[in-house]
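**Student:** What follows is a single structure, and I will ask about it in a moment.
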């Protein structure tokens, strides 16, 4: 019963925080200021988001007791690839990519992993894995290219290039995180959840601070939001949702298996897409609904594969090998 309540709290927190996060994100990039211009200050937005994550991460770090001596160079590298992925995702939306398109496309994180495995490692994948990726890519393409009822515009080529770059950065991030854990293990250390949250976001914040100052966006973004206080409120809520959502993710990972967290976050993306369609009234034709359905089938198929593989690994062998004392 206690586990069921904890799961309900964790899943509810992740769903609530990140679905609202997506709604706010779309609203921010669609906001038209008093001068008729749209919000286009991604560096400034990410600086505030990362700052909120650092603040919450620091509180968790101090409460749970941080791990000393972790490899900061690897945190700096991981932070760099993660912020590059987030920047490119937001840049895609700034160039006109709709939220449902970017959310569906970002669900295909297996794509760069498979490409890297094929090109660099000579790995082989099953027909099912190819079909799952094809469903996500095909569904996203159909949603984007199909016209909504009464017409509608498709996303820009630049926006799609940003999404491809973001997926590549996601793939690199996974490798960097593995390297971080391995380097820490060699030093006899293991990073706790709030170690990861604090230090990764600290370097992400640092990169955004430097980039926003060098480009002048720190000052132009600040001036624009001060002139449009209603969007400033949304930005603050957006940043808070990011920090709260990450905390719930770490809560679920600490109480349950990481795969439980993967299940929640994966299905949450589907909820975010549907929420965007309902709240912002995206023009939907039968072709677009088919595209969404096809991508969702691919996403759920990939999730089911992970669940099945995890259960298979936990099943005992028919004739287990004897365990010898060291």
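Here the Cβ of each residue, glycine as well, is placed from N, Cα and C on the backbone.
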**Student:** Could you tell me which of the ranges 158-176, 177-195, 272-290 is annotated in TrEMBL as transmembrane segment?
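**Tutor:** Residues 158-176 are the ones TrEMBL records as transmembrane segment.
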**Student:** May I ask for the residues of the chain that lie six or more residues beyond the transmembrane segment (43-64) and have a Cβ under 8 Å from a Cβ within it?
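**Tutor:** Long-range Cβ neighbours of the transmembrane segment (43-64): 28, 83, 86-87, 90, 192-195, 197-199, 201-202, 204-205, 208-209, 211-212, 215, 217-218, 220-222, 225, 235-236, 238-240, 242-244, 246-247, 250.
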